[in-house]
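As recorded in TrEMBL:
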DOMAIN    101-173  domain 'DUF1736'
REPEAT    356-389  repeat 'TPR'
TRANSMEM  81-98  transmembrane segment
TRANSMEM  119-143  transmembrane segment
TRANSMEM  163-182  transmembrane segment
TRANSMEM  194-217  transmembrane segment
TRANSMEM  223-243  transmembrane segment
TRANSMEM  250-268  transmembrane segment
Amino acid sequence: MTRFCRCFGDVSCFRDTQPDGSCHIWTCVILGGLSMLAKETGVTVFLLNLSYDLYRSWPNIKRAISEVKWTRETRDFANRAAKILISLGVLLTIRLALLQGSLPKFSQQDNPTAFHPSFYVRILTFCYLAAFNWWLLLCPATLSHDWQMGSVPLVTSLSDLRNIVTCLFFGCAFLLSVRSLMDFENQKHIPLVLGLLLLVLPFLPAMNLLVTVGFVIAERVLYIPSLGCVLLLVYGIQLLWNAHIRHRQTIVGLTILLLITNSFRVVIRNRDWRSRETLLRAGLLTLPHNAKMHYNYGNFLRDTARPELAIAHYNVALRLWPMYASAHNNLGTLISSEAEAEEHFLAAIRYSADHVNAHYNLGQLYRKTNRSSESERMLKRCIRLEPSFTPAYIELARLGGPNNPSVGPLLIKVASLNPTDPYYITLYAHWLLDKGSYIKSINYYWKALAASNFYQESMLGASRILRRFGQYSRLFQLITRWQSIIRLRRGETPLNPHLYLHGWQLKTELSGKAKAYDPDNTVLPVKHCIFVKSVSNPSQKEVSSNCTCRNSSKTVLWTKNGSVRKCNVNRTRSNKYKPSTPIMIQHLLDTA
């Protein structure tokens with residue numbers, strides 16, 4: 001919006017500031033190009049500026065035509081118009097190049113009117129949609145974030161009462177156009193002409209006259225036309241104020257009422273946009289017959305772990321729009337019955353042959369039911385439809401098994417498609433490690449750590465390889481650095497690396513001495529022992545961790561100086577201590 005107003009302001013004032021307005025023209029071209037790259041409707045800034053320049057220069061142009069003589073003003077206008085039109089053509093070419101030379105393709109659910117076979121129905125409905133957008137500017141009572149599918153029923157006959165609104169709108173537009181053309185001579189009603197240009201020209205791309213658009217109604221295309229609507233409304237109030245002096249209080253009262261009601265509508269609409277749930281609920285209240293609303297709300301319910309309600313809304317969406325491929329696909333993922341889920345996935349593919357997720361979900365279903373050949377066929381078709389669809393490659397790798405020679409190329413393809421995701425890079429590194437390709441494996445572990453220096457799986461994999469080859473200094477540097485990063489991310493102070501090294505050296509030294517004193521390894525590792533001081537008083541217990549038990553997998557009892565020592569060799573998993581990070585580091589430093 002700011003770019004648009006800036007462009008318009010530049011071009012509207014360059015006639016009086018510079019002889020040819022070159023500086024302002026190129027400013028307009030740059031800002032208009034940025035606006036067009038942000039949104040296609042930005043291209044209308046050039047048409048609007050050119051039309052307004054034509055309106056302001058019309059007296060000089062008419063004089064030059066009548067005298068058959070070029071004047072300085074007409075030459076300046078022709079120069080400005082040529083620069084604007086050439087720039088418009090260049091920017092449109094760039095925009096088409098960004099779209100790879102073809103316009104976006106839309107489906108019937110995006111814009112049902114454009115795909116209706118009857119030209120008669122298309123014209124009536126498109127004209128009514130223009131009138132409906134005009135009504136939204138005047139009275140924004142029914143607002144929605146999505147107007148796809150059957151939000152606005154088609155106008156199929158002349159007897160439809162909505163044609164009255166269409167005739168009223170085009171009648172008003174015709175009168176304003178005639179009045180604006182008549183003002184080209186005297187130029188007494190500049191706000192009228194400017195308001196009409198702002199109202200009509202930016203809305204032209206959304207009328208499906210030149211190209212088919214991917215929406216029925218989009219409130220975003222009304223931002224710039226709303227400027228024209230406000231300008232026309234204020235100019236009309238000004239004319240009424242000057243023409244009806246006795247009724248000025250009534251005019252003031254109606255204006256205040258209009259401002260208050262629109263302010264309340266803004267407050268209510270802002271409440272609707274507080275969260276995803278409130279927005280979807282507001283859309284359902286506004287358009288309960290819109291299948292897309294039920295589909296979106298079903299997605300929200302699925303994401304918030306309410307599958308039963310999600311299934312209900314997906315079914316409503318399919319009842320309103322039986323050919324809704326995405327609703328079939330999402331419903332199939334929630335249904336427990338495999339046969340029914342397969343029917344929905346096949347229906348999604350039937351109604352939308354290029355639906356990637358439906359092919360992928362059907363391939364997953366076939367894999368779970370041991371239909372490997374059909375699963376492979378669906379997953380390969382999924383990759384043909386979307387070569388960068390990573391989950392299909394992963395599923396194919398799982399389907400082939402770890403010893404399948406095709407797994408390696410699939411995983412390396414996944415790693416190349418996701419160069420910044422450590423998970424997929426580590427998957428390929430793990431596979432290389434299992435195959436014994438240690439050098440290539442550790443290189444991919446380094447790549448994963450470069451993408452995310454705190455990813456634990458990559459650190460562990462690299463540590464295993466370094467430990468296998470006896471590179472303890474690099475291993476120590478790696479794990480202490482990783483530990484410091486983890487502690488910093490938690491908001492903790494990194495520990496001195498020498499603490500880890502000292503603990504490991506002490507453990508290694510004690511282990512070496514134990515082997516020297518017990519070369520036959522007859523002393524078992526330390527176990528969790530419970531000392532019972534007296535058999536007659538078993539409630540008094542003392543816990544010790546300095547007991548060694550030998551040659552037993554059962555509970556062993558010793559009696560010494562009137563006390564009983566009970567050793568729990570077979571501890572349960574819940575009794576084990578959870579290893580901390582320093583213990584994990586010591587384990588990594590130990591040799592295999």
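Using the three backbone atoms N, Cα and C, a Cβ is placed for every residue, glycine included.
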Under an 8 Å Cβ to Cβ limit, what residues of the same chain, 6 or more beyond the ends of the transmembrane segment (163-182), are close to it?
124, 127-128, 130-132, 134-135, 155, 189, 192-193, 196, 200, 232
Local confidence of the domain 'DUF1736' (101-173) - pLDDT mean
87
With DSSP, how much of the repeat 'TPR' (356-389) is helix, how much strand and how much coil, in residues?
27 helix, 0 strand, 7 coil
What are the DSSP helix, strand and coil residue counts for the domain 'DUF1736' (101-173)?
39 helix, 0 strand, 34 coil
